[in-house]
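Record features, source Swiss-Prot:
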DISULFID  Cys122-Cys128  disulfide bond
DISULFID  Cys182-Cys304  disulfide bond
DISULFID  Cys480-Cys483  disulfide bond
DOMAIN    434-565  domain 'Thioredoxin'
SIGNAL    1-19  signal peptide
TRANSMEM  163-183  transmembrane segment
TRANSMEM  208-228  transmembrane segment
TRANSMEM  243-263  transmembrane segment
TRANSMEM  296-316  transmembrane segment
TRANSMEM  323-343  transmembrane segment
TRANSMEM  365-385  transmembrane segment
TRANSMEM  386-406  transmembrane segment
Amino acid sequence: MAQRIFTLILLLCSTSVFAGLFDAPGRSHFVPADQAFAFDFQQNQHDLNLTWQIKDGYYLYRKQIRITPEHAKIADVQLPQGVWHEDEFYGKSEIYRDRLTLPVTINQASAGATLTVTYQGCADAGFCYPPETKTVPLSEVVANNAASQPVSVPQQEQHTAQLPFSALWALLIGIGIAFTPCVLPMYPLISGIVLGGKQRLSTARALLLTFIYVQGMALTYTALGLVVAAAGLQFQAALQHPYVLIGLAIVFTLLAMSMFGLFTLQLPSSLQTHLTLMSNRQQGGSPGGVFVMGAIAGLICSPCTTAPLSAILLYIAQSGNMWLGGGMLYLYALGMGLPLMLITVFGNRLLPKSGPWMEQVKTAFGFVILALPIFLLERVIGDIWGLRLWSALGVAFFGWAFITSLQAKRGWMRVVQIILLAAALVSVRPLQDWAFGATHTAQTQTHLNFTQIKTVDELNQALVEAKGKPVMLDLYADWCVACKKFEKYTFSDPQVQKALADTVLLQANVTANDAQDVALLKHLNVLGLPTILFFDGQGQEHPQARVTGFMDAETFSAHLRDRQP
């Protein structure tokens, strides 16, 4: 008897295993969103805990979590740090796995108040769910005196994370600014003033006084960074508006033009004179006097330092990050002060000779500043035009560097010239494709010609108009990574296009996830994307042919041969 039961169990297991082995490759093995991201909440007076139990093999996007109160006031919601996840289309993003607990402090809630929670996630296997929205009913909460102003979850964190420069760049920029024609010749004079004209100070004493001077200058710059970052944080949403981004890009361009020598940008001469007189009244050689001199020097901007400093300040305002703001300006001042410290200790023998090269350093920083408006405009004009602007900047910079290097007499500069010329030729490729239409022609040849639909009625009408032909419906969204992989790798394949030559191709873009999109997905019983459906000539779907998840061109071609009606 026991042997028969054991044999029966083996047969049942074998059946399930073979069913899994020979299951359709496109059949869905993904769970509904509520099972992938089990959401729950618990409120205790002012304290509300939102929890997500995330199924193994799935993850939530940190930047897609939004919390909106209705008839309630909540404190600032601090999203915990996630783990970094990278894909080829969206780059690095922070995600949550396993479990997420999000505490929310409710300052006040009226009767009938609610909290709308929106989130979105994907599966590691290449399947993304539409944004999920949950409504959390709130118990009535009376405001207390300590209640803070209501704010919403910061939604601009992804912009901060994507800023193109780190604080270390500020240190390098500060060092570079030290070698511009407005700054470098002043260092011997500043060194003498800092030491109070005393030539017999010990090396340690001279280094200490110079360090104190640099710290005074750094204090001024750090304070500027903190103030600007705090102001940027208050107006963070406004600073992301397209008109504001365009305005900032124009300002950055003007700052770069000043570095090219088109005009001079500096503080009014009367203010500079007043600050200089204040500095001269300080006693050189004493720590207190030297510190004040450095702090005042931070306010006296020369024509060579005004534009880079203004660019960094505007950059910090965009970030709204006070730690970044203070840190960048501190490192910027430290970079400017390092050559001064070396000159004070070792003398002028370390100081390079003045010459035209200092103007070239200033011009090079103009190109660095020009990178910032392109970074800002990419959010407005898109990746394609952004690439063209980067191409134009690269051609301009490498072309200028090549022409400048022709003045050099040393033999090894010929190698540098060849490298610069090659870099310019590589940089011009996106502009060449744009001018001669190569990219457009390639896209025309490699992309399927889909007919777009939006609603259930439009789908039904398209099925009727197919007139007996088989129909393929592709459900697409910008937030679906695998959908973009389908476009780039699968739909561009000649074998796939040939197999679909006699098929009516429909596509529904559900990026907005509005009411019509939700209704369409519900009508088709679609859990997430990518999902591709196949209909026969009578407009009836073939459920066994449905594709969920990514397929490469070879697998999809085989699926079309085996499954398509």
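Cβ atoms here come from the backbone N, Cα and C positions, even for glycine.
Since this is a predicted model, take the numbers as computed values, not measurements.
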What whole-number Å value do you get for the CA-CA distance of Cys483 (disulfide bond) and Cys122 (disulfide bond)? 12
Region pair the transmembrane segment (323-343) / the transmembrane segment (386-406), three or more CB pairs under 8 Å: no
Can you tell me how far the Cα of Cys128 (disulfide bond) sits from the Cα of Cys480 (disulfide bond), in Å? 6
Reported as an integer number of Å, what is the Cα distance between Cys480 (disulfide bond) and Cys122 (disulfide bond)? 8
Smallest number of other CB atoms within 10 Å: among the disulfide-bonded residues Cys128, Cys483, that is Cys128
Helix, strand and coil residues within the domain 'Thioredoxin' (434-565) as assigned by DSSP: 61 helix, 24 strand, 47 coil
Taken over the domain 'Thioredoxin' (434-565), the model's mean pLDDT: 88
Run through the Cβ atoms and count how many others sit within 10 Å of the one on Cys122 (disulfide bond). 24
